Amino acid sequence: MKNAPRTGARQIAAECLSRWSTGHAFAETLVARHTADAGLGPSDRALVQAIVYGTLRNKTWLEHIIRTLRPSPLDTPLHILTLVGLSQIFILGQADHIAVSETVKLVPQRVRGVVNGILRNAARRKQELIRERDTLPLPVRYSIPEWLVRRWQATYGKPETAAMLAWNNRPPVLHARGNALRPLDTVPDTLVPLEGIPGWYTLTGAIPRAAVENGSLYIADPSTRYCIGLLAPQPGERILDACAAPGGKSAAILSATGGKAILTSTDMHEHRLPKLLENLRKQGADHIDIRAHDWTQPCPPEWQQAYDAVILDVPCSNTGVIRKRIDVPWRLTPEEITRLSDLQHTILTCAAKAVKPGGRIVYSTCSIDPEENRAVIDRYLSEHPDCTLVQDHLALPHREQADGAYAALLHKRN
Ligand SMILES: C[S@@+](CC[C@H](N)C(=O)[O-])C[C@H]1O[C@@H](n2cnc3c(N)ncnc32)[C@H](O)[C@@H]1O
């Protein structure tokens with residue numbers, strides 16, 4: 001029924017947040033699973049996603065509001081329902097009376113007054129609380145753990161970090177790359193060409209499914225073009241894309257070479273290979289060499305020095321894509337960054353053996369952390385004097401108005 005109160009969606013959002021706070025599942029997975037299990041329609045699914053993502057993106061600030069309005073702590077279920085209500089009031093911009101009444105309905109009768117009191121108070125003091133936000137310490141204002149804010153300030157300085165935090169705190173804008181192998185007949189209404197970046201578009205509405213399905217478009221961020229630009233793949237070159245699934249970079253290489261690069265695409269996860277194959281076929285690849293390989297293991301003899309170039313889009317912390325991966329700040333630890341850096345160094349060391357003398361290695365991440373970027377390159381170069389760094393590029397998200405990314409081009413001497 002049109003305009004029916006969507007209490008079901010709010011309940012499901014609370015369940016997702018409850019699961020998220022006690023487990024390891026990603027928000028995206030939880031929203032997909034719980035909305036499917038509840039049989040919610042598209043608009044309710046969108047509401048669940050908006051509440052869950054909005055709450056997690058602003059978690060520390062919303063919790064600060066709860067503490068301001070009720071100094072004694074709430075038990076977990078009430079705390080989560082209060083977050084669901086506040087998220088509607090402060091982040092989604094719903095009418096206060098609807099946000100309050102629909103949320104309070106979910107609260108057991110005997111404690112309903114507590115949540116009702118906090119939400120009504122929050123709605124009444126809304127403008128004051130919003131104004132106060134700008135005066136709060138950065139970790140609270142932008143809901144990012146203190147250790148991460150300190151780490152970024154030490155690397156980039158305070159003003160740059162503040163600008164990046166403000167950028168990360170907003171919902172993402174999606175982009176798409178046009179595929180030269182399957183040019184668009186007409187540019188769909190929801191695509192706006194990106195100024196100064198030929199072949200790239202901003203999505204201003206629904207994803208043009210038909211164009212994605214026929215391979216004319218690939219949903220990706222313009223920051224992914226840096227590694228392809230450094231690789232500068234040429235027709236006829238043998239190229240190894242070592243960490244390839246789901247195939248964004250492999251497809252970009254094929255698009256850039258008119259389908260004429262001779263590509264081997266590997267990934268350690270067998271279960272990711274069918275999607276990789278499907279994506280590459282869809283985008284016009286006709287001869288595809290797809291294999292499972294774990295690049296923490298030695299380079300197989302038949303691949304040693306067999307490639308003109310190797311691209312390594314390694315697993316990383318995703319600190320450049322926090323707008324899209326909202327779990328990242330809450331799941332990441334400094335120890336995990338160090339573990340990833342070691343893993344990246346191992347993958348680089350093993351996969352670089354596949355490059356011919358005189359060939360190129362492109363290393364890329366969607367991390368903005370130096371430990372996963374330049375430090376990995378410097379460590380590798382210190383152990384491999386036959387390689388030199390030609391160029392590297394760090395894209396900071398707020399500067400690019402896109403995702404953060406790092407790419408480095410190495411040359412292996414003849
Ligand atoms: C950042 S993603 C790659 C994205 C891909 N290049 C694209 O553009 O669509 C990293 C990939 O590395 C794979 N991976 C992780 N560890 C690996 C390893 N030891 N050897 C090979 N692949 C690995 C993951 O399964 C994941 O698909």
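Glycine is no exception: its Cβ is also placed from the backbone N, Cα and C atoms.
TrEMBL names Cys243, Ala244, Ala245, Pro246, Gly247, Gly248, Lys249, Asp267, Asp313 as S-adenosyl-L-methionine ligands; from the candidate set Asp294, Asp327, the record adds Asp294 to that same site. Cβ contacts within 10 Å of Cys243 (S-adenosyl-L-methionine binding site), excluding its own Cβ and spanning all protein chains shown: 22.
Each residue contributes its Cα atom, and for Gly247 (S-adenosyl-L-methionine binding site) and Cys366 (active site, nucleophile) those atoms are 15 Å apart. Cβ-based neighbour count (10 Å, all protein chains) for Lys249 (S-adenosyl-L-methionine binding site) stands at 26.
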